[in-house]
Amino acid sequence: MSLYHLVSILVSAAVQALPTGSSDGTSVLSSAEAPCSDSHRSLWTIVSTCLLTIFACVYTSVHPNVPDPYERLPAILRRAAFIMLFAVLAPELIVAWASRQWFSEDEAWTHTHSFYAYMGGFMVYHDGKPWRTITPPRLLEAVRSGNISPIRLAKKEIDDTSKGNFISKGLAVLQVTWFCMQLAARRRHGLGIIPLEVGTAGFAVLCCISYALWWDKPLNVGHPRRLEWKTGTPPGDLHSDCNHLEKRHRSEGVIQAFGTLLGWSERNLELRVETFGGDDVTVDCPDWRAYINIQHFTRSQFITVFCIGALSSTIFGLVHVAASELSFPTRTEQVLWEVSSLITVLIPLMAILTTAVLGVVYKKTTNCALASIIPATIWFIFCVSPALYVISRVALITIMFTSLRSLPPSSYETVPWTEVIPHL
């Protein structure tokens, strides 16, 4: 039984076990809640449906990289939990991560083979011990030089290593499709839609984008494929184009995790391909552009990935803006929702436009003083904007749950035909 199925069963059981009344006979739910029937739903049904939909989106859309051979289960689970938490708090960064890997496809490889290689699917062994992961360009070069035997690995064999199947993917797609359909039906019939449902819809939209980008990427591959290095000692740059590498042992912080995710980090790992963070043996590149080069990124591709991440944030914000006519318990919460939604829409667009304009000015200016100010201005924008963006996102998430204390009566009504469709 997969983790997805297990959590679904546990949440459903917990919801059914929740009390519906207090010891004195009064309801523990809002007084506005209608009794459960074929045309009504309870507050617990609303919350559990949203949480299960978010979990379905996150669990099936996030495709982590292959762990290193020495990594133990607690570390693997800790990193997986961190990635899932990151996907909930910043789904647009998951989209950027997926697009970065999607653009890393090598012309001599299929998408599945490229994903498998860039996620750490190939491990070079020397003297019976794992040496480091190897990327497609280095692997092709090693095969041509005779250092590694030619690899005969069919796409079907890679798919067999994936933990994702049509059942898990189908359940996730079915749940997300049903959720979006019932929201559209509720809007059409004039029934109340709550902020938590709007936020869930935003997750569903972004997860669908990352799901499409990662459609050919294997899910939860447990072990890399072993490749024996036949002659001499493998070079130290199988995973990067850096000429000077410094090995050291340290933990990655949150800021570095953002950089690694988007491909801006100076570091990459020997024994696995880094995603977010961990206490690992690292290889440092003096020039951060080297990491982009090994992914065969052109300037236009790098800009495209950045824009995809920013536009994903804008799309996520637009979903919240479109629902600004919702009913809120207080006027303060409504204003805070509207302002926070606008911030999440405008900040990514401003970052793109400001960076583009300043970049053009920086190229064309001959004023040394102005040229020295522009980079500092760009860095200031990229430091202040994320802080404001995070505050807005936290405000939206908070309101999603605080608004549950007082919902309009129509929020408990359902569209009968949507309940006929199978869903969790």
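Count begins at 1; order follows the chain as displayed.
Cβ atoms are placed via backbone N, Cα and C, with glycine included.
Per TrEMBL, the feature signal peptide maps to 1-17.
Residues annotated as transmembrane segment in TrEMBL: 42-59 (among others).
Under the heading transmembrane segment, TrEMBL lists 80-99 (among others).
Nonlocal intrachain contacts for the transmembrane segment (192-214), taken as residues 6+ away from its ends with a CB within less than 8 angstroms of a stretch CB, comprise 46-47, 50, 53-54, 57-58, 60-63, 87-88, 91-92, 94-95, 97-99, 101-102, 115, 176, 179-180, 183, 186, 312, 315-316, 319-320, 323, 326-328, 337, 396-397, 399-401, 403-404, 407-411, 413. Marked as transmembrane segment by TrEMBL: 192-214 (among others).
What TrEMBL lists as transmembrane segment is 302-323 (among others). Sequence-remote contacts of a segment are chain residues at least 6 beyond its ends whose Cβ falls under 8 Å from one of its Cβ atoms, and for the transmembrane segment (302-323) they are 91-93, 95-96, 99-100, 103, 193, 195, 198-199, 201-202, 205-206, 209, 262-263, 292, 337-338, 340-349, 351-352, 389, 396.
Tertiary neighbourhood of the transmembrane segment (335-361): same-chain residues 92, 195, 306-307, 309-311, 313-314, 316-318, 320-321, 324, 326, 328, 370, 374, 377-378, 381-382, 385, 388-389, 392-393, 395-396, 399, selected by CB-CB distance under 8 Å and a gap of 6+ residues from either end. TrEMBL lists 335-361 (among others) with the feature transmembrane segment.
Positions annotated as transmembrane segment by TrEMBL: 373-396 (among others).
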